[in-house]
């Protein structure tokens, strides 16, 4: 380092030292700082002498550092001029010296960052919590960056060590003749090194400077099996193929999604254990519910409650379990669409479109009214009302599964109306998710004018309508030109081999799911439309595909309903049982009454009797309120207490749904059809 640079460094060091000794206005703060470093028993002269001695030591270290840097530069020049070294050896030695130079410079930077932090703290008011918080945040960021730099330097040292070992091996190989097998293995080793370099993604370096990326301090927890390997060497622990878990300061837990070395297969044993545990416990829970006359789905929810955070807390991969459970929704809606032929869809499309829209508008109106009386923010009232207006499609699908339903004398089938309205609610779910950013801005009062926000909502509605029209055109093209030849080809190729048929149908489901997702419509609608398109090929096709897909649907549905149980908190329900029962009964009765009122206006006179069954099927809250509630809570639209109330009301309404459904079936459905529906 040049002399001028050293003088400037000495000036920076001397400035805070002088401030520690002289200014009278910071005397109390100085005493407080010295107490933290030296204790309460030191006299004033000893404190000053300690500060001066520390500054002299620091200046001596800086001078010594400059001497070492000059020696390193001379050593680098000597290595570059040494003709006896190979180019690779020169690069290795120079790189080693540069790493040491970087270590010295980073250590110096850390010292001066600490000095500047102390100077900033002394200049502030230690009674000001905001100032102390800002100083703590800046120190935390500096420590995070220093930790990242040290980690990168450690990785470079590991690479240098690996290079040194390889250089020694090459020297040994040059001094002795290799056998043919050794030469082959050496070529394989070099090819493997090249493969690792090619497939390795420098994700850390590539994303380090991306906007929105923050450095975080995390804890790394090894697998439980690692406890039995305490006698193993550190190298063996580092090379262990087990998956570590990372825990950040907010208690979020992370697992490995893509390893650095992609040539070695790895498995998430926590996830495997979670699925195995859910599968084993679901059997007795399902049997218990069957014995007492409840649908088996409630047994699966109980299984999730027992294994979730409110029970044994044995599920480690909650997000992964919920993700797998979403496939249960996809296949459930596909089978619903498989039973819901286009002819039935055309017959009830007006009712399916008008009914959910009217109900949602009425729910929002009642929500705003009650919100005004209870002094709740309008954005919160709109969100809660919209959440509660949705009904559970998977639950009603299980109610209708296997029932004998048919139109009689031109009457409209209640199952067609009910499923059509539920599918339209799924479309509304996609619309509501698209409108949520506007609600967030409205809740934060960041919008410029009401007119602009109304215009934005209208534009979003226009986009959704355009997307629905595009989806309709795609379905029309597929039904007219593609679905028939596609299924005939699958049927011809799958004779004696059901794998091709299952894979072909699954691929078609995922294709429709992807199309609707790309068009900003809910993925669930794509699954339903996939089943409806295939059902257009006839009853025999429907039966064949249903026999293949139903076992897959049943297993994934178990995971889905168990994932719902992970978010049920019995202790909270018990503590607030009176309030929750009142709220749940109010929501169920209100939805039932509104559905009866709307259906009385839009149903033909000859089909008025089905309004009681359809209303009973709609009188519960959709499990998607969990998803919407979690997003709204993160965005600040609703509070933690409101979020827990929504979860509890949703759960209790789903538990009450079978009783209400059976009561409606007993009242309105003839006896032969009643047995199959229940």
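Positions of Cβ are set from backbone N, Cα and C atoms, glycine also.
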Exercise for the section: Identify the transmembrane segment range according to TrEMBL, selecting from 270-287, 324-341, 378-395, 396-413. Expected result: 324-341
Handout entry: 581-602, 603-624 - the one TrEMBL records as transmembrane segment
Key = 581-602
Completion exercise
TrEMBL record, transmembrane segment, of the ranges 292-312, 418-438 the matching one is 292-312
Exercise for the section: Can you dig out which of the ranges 232-256, 457-481 TrEMBL describes as transmembrane segment? Expected result: 457-481
Completion exercise
With the greatest number of Cβ pairs under 8 Å to the transmembrane segment (501-534), the stretch among 292-312, 324-341, 353-370, 642-665 is 324-341
Exercise for the section: Check the transmembrane segment (581-602) against each of 292-312, 324-341, 353-370, 642-665 and return whichever range has the most CB pairs under 8 Å. Expected result: 353-370
Handout entry: Feature contact check the transmembrane segment (292-312) with the transmembrane segment (642-665), CB under 8 Å, 3 or more pairs
Key = yes
Completion exercise
Lying 6 or more residues past either end of the transmembrane segment (324-341) yet within Cβ distance under 8 Å of it, the residues of that chain are 275, 393-394, 397-398, 400-401, 416, 419-420, 426, 509, 513, 523-524, 527-536, 542, 545-546, 549-550, 552-553, 555-564
Handout entry: Close approaches to the transmembrane segment (292-312) from elsewhere in its chain (Cβ under 8 angstroms; 6 or more beyond its ends)
Key = 274, 277-278, 281-282, 285-286, 318, 395, 398-399, 557-558, 561-571, 651, 654-655, 658
